[in-house]
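What TrEMBL says about this one:
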- 1-17: signal peptide (SIGNAL)
- 10, 11, 81, 107, 140: Fe cation binding site (BINDING)
């Protein structure tokens, strides 16, 4: 049942756009900052030319500011709706399994879960979580339908999941 809740939660961070955050800071593929931007990062060649990290020797190498196999939990990711929602979940102590946190935080990290980049930063735990992130992505992109579901019909089910895994008043 927690997987269903992750399906509901994973894109909730997009509410940032309603509060004035620019599109580039809300949606799009994510990647680690503080190290070399891999070739699989979308628009790397056309939009990163003004990124000062590219010219900074501390951040323009394969590892940059990280150690080999430091673990994705120790990596600073580019800001977006996934990182925001992940931090909301952590701050509010959601009672979800570790897999859920990985799924939310890294579902837009396509260079990792689709292209195999940034593995040099991964621990064995990260690699064990990779199939969970890939599983969520099967239901994320290109699975939307024109007809909206009956929210009232689904409300009770999802409210029971919210009450179970993230009860009380949340801090956003």
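Glycine is no exception: its Cβ is also placed from the backbone N, Cα and C atoms.
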Local Cβ density at residue 10 (Fe cation binding site) - other Cβ atoms counted within 10 Å: 23
Other C-beta atoms that fall within 10 angstroms of the C-beta of residue 107 (Fe cation binding site): 25
Any further residue of that chain within 8 Å (Cβ to the Cβ centroid of 10, 11, 81, 107, 140) of the recorded Fe cation site: 13, 14, 82, 85, 104, 108, 136
